[in-house]
Amino acid sequence: MAVNTPIVNGTSYATVVAYSKDSYQKAVEFYSKLLELSVSTGGVCSENETLLSNATIAVKVSLQENNNKQAEIDNQIKYLTSIAKTNDWRSHVNQSLVFNTTDLSSLQDAFKQLDYPNQAFPSDLLPMQLYTIDPLGNIIGVTSTKNAVSTKSNLPGATTVTGTAAVTATQTPGSVSKNHSFTDLSYLVKTSNNYPSLPKDNTPLAEKKAIAVMTSGGDAQGMNSNVRAIVRSAIFKGCRAFVVMEGYEGLVKGGPDYIKEFSWEDVRGWSAEGGTNIGTARCLEFRQREGRLLGAQHLIEAGVDALIVCGGDGSLTGADLFRSEWPSLINELLENKRISKEQHTRYQHLNICGTVGSIDNDMSTTDATIGAYSALDRICTAIDYVEATANSHSRAFVVEVMGRNCGWLALLAGIATSADYIFIPEKPATSSEWQDQMCDIVAKHRARGKRTTIVIVAEGAIAADLTPISTGDVHKVLVDRLGLDTRITTLGHVQRGGTAVAYDRMLATLQGVEAVNAVLDSSADTPSPLIAINENKIVRKPLVESVKLTKAVAAAIQAKDFKKAMSLRDTEFIEHLNNFMAINSADHNTPKLGEEKRLKIAIVNVGAPAGGINSAVYSMATYCMSQGHKPYGIYNGWSGLARHESVRSLDWKEMIGWQSRGGSELGTNRVTPEEADIGMVAYYFQKYQFDGLIIVGGFEAFTSLHQLEKARESYPAFRIPMVLIPATLSNNVPGTEYSLGCDTSLNALMKYCDVVKQSAASTRGRAFVVDTQGGNSGYLATCASLSVGAAASYVPEEGIRLEQLQQDITSLGESFERAEGRNGFGKLILKSTNASKAMSAEDIAKIITAEAQGEFDAKAAVPGHIQQGGIPSPIDRTRATRLAVRAVDFIEKGQSTLEVTRAGDEDYKSDSKELANTASVLGIKGSHVAFTGIRRLYDFETEISKRMPKVIHWEQTRAIADHLVGRKRV
């Protein structure tokens with residue numbers, strides 16, 4: 001079976017080293033047979049090198065004869081083979097080389113046929129990853145998962161020696177990788193002992209690559225995080241880091257005042273600051289060739305090799321034009337003697353990469369742009385405030401939000417706040433139609449007892465004839481036709497203001513790291529990449545193609561081809577729009593489904609409260625109503641059902657306001673069905689004739705679903721489609737990389753950390769040790785550390801080693817010594833409560849203070865249940881809606897599969913995979929939203945005793961967080 005996709009880190013070229021002729025020949029044979037690689041044309045590079053490849057990947061086998069090293073490798077292979085059945089090889093080597101494949105089972109058969117020693121994870125029965133040993137002592141893995149972790153470093157042109165073999169990786173030129181590079185800042189790279197801990201680099205200054213970053217167009221929250229990540233990643237990679245002040249205007253003006261070299265300390269604390277500290281400005285001169293000539297000249301004078309631009313479609317279009325003209329620009333500069341021949345030779349190519357900073361979220365091919373969710377947060381906060389006063393006076397409010405050619409902000413705000421009506425440019429109606437539609441839905445809501453009316457208008461809202469629709473137009477209709485006391489609120493630039501939310505800080509940081517990787521990977525033939533995100537996965541997309549699709553939307557709207565404009569939007573946008581229309585209509589209109597297809601669907605909350613739980617219940621119920629189903633709420637969990645029959649149908653009026661309410665209106669606890677009395681649970685399921693069940697919660701909800709699925713053989717009442725929507729701040733539910741509530745919790749913790757860090761900075765020479773929740777999962781501490789720039793974080797997966805703690809204290813002292821300005825005097829250390837049973841946050845603070853010997857001190861800070869959040873974040877609200885609607889669709893589709901078994905007359909085929917998969921976890925995995933059967937997850941992918949998944953999807957984030965603060969790992 002051929003490996004037909006790249007190495008999991010996004011690269012496609014690896015080199016392995018043999019230390020004897022015999023092992024060299026065996027290695028060539030090994031990779032030829034296992035990966036079905038062939039010697040490429042001219043593949044025998046020399047007597048001591050062979051290049052093996054297929055259409056996607058290449059492996060070079062190199063011979064460097066050394067008897068001593070060969071003896072070490074022979075002993076290593078013998079040892080690894082001897083422990084194959086008792087120990088995990090990965091814990092005995094520093095790194096492994098992992099390839100992706102689409103057919104893991106065929107490779108498993110190949111391992112057996114070729115008689116290679118092998119290990120399978122999580123089990124031989126259902127493996128997700130396979131490992132073997134090559135003749136050079138390397139651990140070689142293959143995986144079919146999209147998030148397999150490769151521990152191979154990705155330093156372009158650099159070699160990492162690990163005691164067995166050397167491995168190098170480079171990006172194959174000519175194509176833009178759409179895979180995330182999991183080697184952003186590998187923790188395997190040996191770094192210095194002093195703060196900041198960086199790889200040792202002896203490259204002369206003149207030979208170092210120089211990477212510049214600029215922000216352009218409208219400012220967006222998170223741009224500072226992006227600049228910080230790019231500057232520090234470039235320095236970590238052994239490059240010089242530059243910033244271009246004032247956008248393209250800085251390129252045109254040039255000189256050290258506008259193209260500045262930045263140091264590690266220059267971007268300290270930037271993640272917590274709004275706007276862009278390096279400025280942004282629109283520049284008419286750069287639109288002319290003479291302006292671009294000046295830009296090229298000034299970059300060459302500064303010694304810049306690559307440029308990363310954070311901005312919108314206009315800024316990125318200008319960047320790619322600049323790159324395409326570069327050869328002619330430098331030729332003209334040479335002819336006019338504005339640069340020397342040496343400079344002309346040195347700067348033949350300019351590599352460009354784009355990160356999208358835009359609050360409108362209007363860039364095609366990416367699910368989110370830097371600043372979009374921060375702007376959405378400002379909008380939702382404002383509307384939540386406005387609705388409170390609207391309720392007091394029973395008023396209507398017309399709220400204008402930004403979005404000239406894209407209605408994403410208006411649409412997502414409409415879902416998150418349960419707005420009555422929205423106006424977006426992608427879906428206009430005739431002047432009479434929108435007036436009738438709006439008045440109809442508002443009148444129905446008012447008639448059912450709703451005291452408030454919220455209408456959201458995107459600034460680019462238009463009628464079908466392209467006539468603009470203003471807030472004044474909407475105000476007039478609400479007053480004249482419905483007689484409502486109506487007010488207008490224009491949010492304006494408030495939407496751009498303030499600091500970035502946690503999602504934007506993380507997105508901007510991870511994209512900044514990947515942007516540096518992209519320009520280092522690029523060659524003269526590589527198309528300019530755009531760093532995007534799809535669901536939960538950072539990817540590279542072709543910049544030109546993305547911009548072209550974005551501009552095609554605006555062109556289609558101007559051509560009145562609204563169907564095409566909608567089709568050009570990402571599928572998630574269309575899904576959100578359909579969801580809004582469905583939950584907004586609820587039971588006010590004729591149901592979509594006929595009587596024979598209507599179901600009784602129950603929903604229950606299990607576990608601790610989490611932001612977005614009420615949003616999920618509201619969305620599930622209103623979507624059920626629009627379909628014609630009858631939604632039931634099970635109150636106070638399984639114990640409420642078993643002891644008090646706490647179940648009743650959900651009513652639209654009673655749920656008004658739930659979408660933006662924290663906590664759990666249904667009530668929740670940690671009791672599982674077996675603990676409550678699973679027999680009584682089955683009795684009430686039978687009594688109410690439930691056709692489907694949605695569970696919203698954390699690990700107890702996961703266990704509950706497992707218990708119900710397991711009990712199907714004994715209780716026919718459970719032979720219904722059942723789905724779990726993960727909701728826990730710990731984000732520890734197997735089968736998903738995102739849980740409702742973790743974003744709300746992360747924002748609450750981030751804001752708390754920002755406040756105590758400010759206090760620490762004011763005191764001077766103080767660090768706070770912040771205790772974070774999360775059970776046995778370090779997700780919350782890790783992501784918060786990345787968001788706030790914590791000096792260190794301790795998580796249960798790693799524990800706290802005394803050697804690491806001592807190194808962190810030493811680094812703290814060195815960091816304080818280098819601190820300049822008030823921002824440099826406050827430090828944070830984050831500790832998961834379960835990271836150590838022996839040392840609390842208070843204990844660690846005392847140890848730090850004692851070891852500091854008066855140079856600085858530390859205090860403990862315990863945010864406690866503040867981390868469960870108050871009002872759910874817009875991300876948790878809108879994702880709750882999306883997942884709830886998908887859960888109902890899952891239940892509808894699963895009816896036919898279980899129909900025959902529900903009567904209980906026949907033996908239930910418990911070994912049927914099809915039946916088992918009707919009880920699933922709904923999660924986000926990489927770039928996909930997926931349903932995964934509970935039986936598979938529980939049996940093969942879960943560490944039950946630790947209440948954790950076996951694969952930690954956020955593990956690589958820790959390496960990035962540590963390296964961006966210069967932390968030395970011991």
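Cβ atoms are placed via backbone N, Cα and C, with glycine included.
TrEMBL labels come from automatic prediction, so no person has curated them.
Predicted, not measured: the structure shown is a model, and the values here were computed from it.
What TrEMBL says about this protein:
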BINDING   GLY218, ARG282, CYS283, GLY312, ASP313, GLY314, SER315  ATP binding site
BINDING   ASP313  Mg(2+) binding site
BINDING   SER358, ILE359, ASP360, ARG395, MET402, GLY403, ARG404, GLU459, ARG487, HIS493, VAL494, GLN495, ARG496  substrate binding site
BINDING   ARG670, 728-732, ARG766, 773-775, LYS859, 865-868, ARG947  beta-D-fructose 2,6-bisphosphate binding site
DOMAIN    211-519  domain 'Phosphofructokinase'
DOMAIN    600-891  domain 'Phosphofructokinase'
REGION    1-585  region 'N-terminal catalytic PFK domain 1'
REGION    586-599  region 'Interdomain linker'
REGION    600-970  region 'C-terminal regulatory PFK domain 2'
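Summed and averaged per residue, pLDDT over the domain 'Phosphofructokinase' (600-891) gives 95. When other Cβ atoms within 10 Å of the Cβ of CYS283 (ATP binding site) are tallied across all protein chains shown, the result is 20. Residue pairs drawn from GLY218, ARG282, CYS283, GLY312, ASP313, GLY314, SER315, the listed ATP binders, are separated by up to 15 Å at the Cα level.
In this structure, the CA atom of GLN868 (beta-D-fructose 2,6-bisphosphate binding site) is 36 Å away from the CA atom of ARG404 (substrate binding site).
Here the candidates are the binding-site residues GLY218, CYS283, GLY312, SER315, ARG670. The one whose C-alpha lies nearest to that of ARG496 (substrate binding site) is GLY218. Remark: secondary structure over the region 'Interdomain linker' (586-599) totals 3 helix, 0 strand, 11 coil, with classes taken from DSSP. Between the alpha carbons (Cα) of GLY312 (ATP binding site) and LEU729 (beta-D-fructose 2,6-bisphosphate binding site) lies a span of roughly 33 Å. Cβ neighbour density within 10 Å is lowest for SER315 among the binding-site residues SER315, SER358, ASN731.
When the binding-site residues ARG487, VAL494, LEU729, ARG766 are compared by Cα distance to CYS283 (ATP binding site), the shortest distance belongs to VAL494. In sequence order, SER216, GLY217, GLY247, GLY311, GLY318 are the residues of the same chain, not among GLY218, ARG282, CYS283, GLY312, ASP313, GLY314, SER315, whose CB sits within 8 A of the CB centroid for the ATP site.
Here the CA atom of GLY314 (ATP binding site) lies 41 Å from the CA atom of ILE866 (beta-D-fructose 2,6-bisphosphate binding site). Between the binding-site residues GLY218, GLY312, the minimum number of other C-beta atoms within 10 Å of a residue's C-beta occurs at GLY218. Site extent for substrate: the farthest pair of Cα atoms among SER358, ILE359, ASP360, ARG395, MET402, GLY403, ARG404, GLU459, ARG487, HIS493, VAL494, GLN495, ARG496 sits 33 Å apart.
With the fewest other C-beta atoms within 10 Å around its C-beta, ARG404 stands out among the binding-site residues ARG404, ARG487, ARG496, ARG766, LYS859.
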